[in-house]
Amino acid sequence: MNYADKKILVLGMGKTGISMVKWLSRAGARVSVADTRTTPPNLELLSQIVPLETIFCGPFKAELFKDIDAIAISPGVAIAEPLVQAALQQGVSVIGDIELFAIALDQHAPPGTKILAITGSNGKTTVATMVGEMARNTGWDVEVAGNIGLAALDALMQRIDTGKWPHLWVLELSSFQLETTSSLRPNAAVVLNLSEDHLDRYRIIEEYAAAKARIFPDPHNSCVQVLNREDARVYAMAHENSKQLTFGLSAPAFDDEFGVLPSGSDLWLAQGTTRLMKVSELAVAGLHNAANALAALALCRAIDLPFEPLLHALHIFKGLPHRMQKIAEFNGVTFYDDSKSTNVGSAVAALNGFRKNVILIAGGDGKGQDFSPLEQPVSKHTRGVVLLGRDAEKISQAIQGCNVPVHRVATMDEAVRVSFLLAERGDSVLLSPACASLDMFNNYIHRAEVFTTAVQGIEHKFILTAQTCH
């Protein structure tokens, strides 16, 4: 599409919005920008790209949407916004950053450039990072972008300006980005899993699933579908005329299946009946990370990358901050930071990765989720649960039949202190909130920092007490 002299309204001034402003401005569009926040981030940066008189802060007004050719919408702005819906009904196109990226890639990328696309409720960032490391280990130049690291358009502009094109683009994509994407043609794409999330944006989980399914182009495209065969909603996304590879923690029977094979006392990552590497050789903990590794392997094999460097990369992959990250161990108790667990599915996966008794710290803003899936793993894996935040009571009600002690606290410091008192030698204290953080913290990273500081405080007191006793 030729954007020269087109009047385009960009909604949202976050990282993605700024990337769209930069891309559209260099394409010659007449750009205006709006954000519902009165003092949005990046305002000073934005004023260096477009004239101040084209920047509007505060509630959206109807006049902003008049006489425009298109709306470029940030993931944080809902398409259900009434003024956006009114514009759609008048024939105004609504696009997002990934749609702009896909169109541009068709125009600029050299032949043979590969694309792997990743979405899901949980594990997206881990799998995208894994795939990037695995593909780099084969000698390829790889760009990992999208809902991770650089915005896709920022990464694209850097590559255009340097003239150095990657062999492979690895794109982590959110459901919000996929809502406005129709031109992306990945060589292979995966939906890792689906659990209740973002139900503050979607009326029902089926709407959320439909947005995720947009990662797969029409059935006549050559995209390989990588599907979680143990998630019914994901498996139902299979196109009759497309090639599929599946992954899961069950034993694989055929060459198009990746899974876990038991052998004696060991568990192996496998393709079909071929054992690839022991699960215990992964540097990341938990069976959910074994599933992540299998999804990453399936994606890489879909574009014929060789096994040996892929497996070596998996062997040394250390994981990501705030995702089942071990932060301390003292008095026989291990503390794990899984603050990135912002939905129920993620917390369930974290708990199911433990064999030892766990003291679970959970709670926050549940975003309308159903917490009942926590009941079984809480019953099976926890010695106690410590709850805080806005939806602590809802979680407490959901797990009341578990016959596990539940403690309500007001602060993270108190949560850590109570957890340490509940824990016995050999136990783990796990922060896996199953909720968003904004009711009490700036973001999930801030929540993790407060947790880590509290753990360090307890550890310091424990060491001082031990020294005094000696």
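Quick reminder: no glycine exception, Cβ is built from N, Cα and C everywhere.
Taken residue by residue with DSSP, Asn122 (ATP binding site) is part of neither helix nor strand, so it is coil. For Asn122 (ATP binding site), applying a Cβ distance below 8 Å and a minimum sequence separation of six or more within one chain yields Leu192, Asn193, Ser195, His288, Ser341, Asn343, Gly345, Ser346, Ala349. The ATP binding site feature in Swiss-Prot is assigned to Gly120, Ser121, Asn122, Gly123, Lys124, Thr125, Thr126.
Within 8 A of the CB centroid of the ATP site residues Gly120, Ser121, Asn122, Gly123, Lys124, Thr125, Thr126, the other residues of that chain are Ile118, Val127, Leu192, Asn193, Asn292, Ser346.
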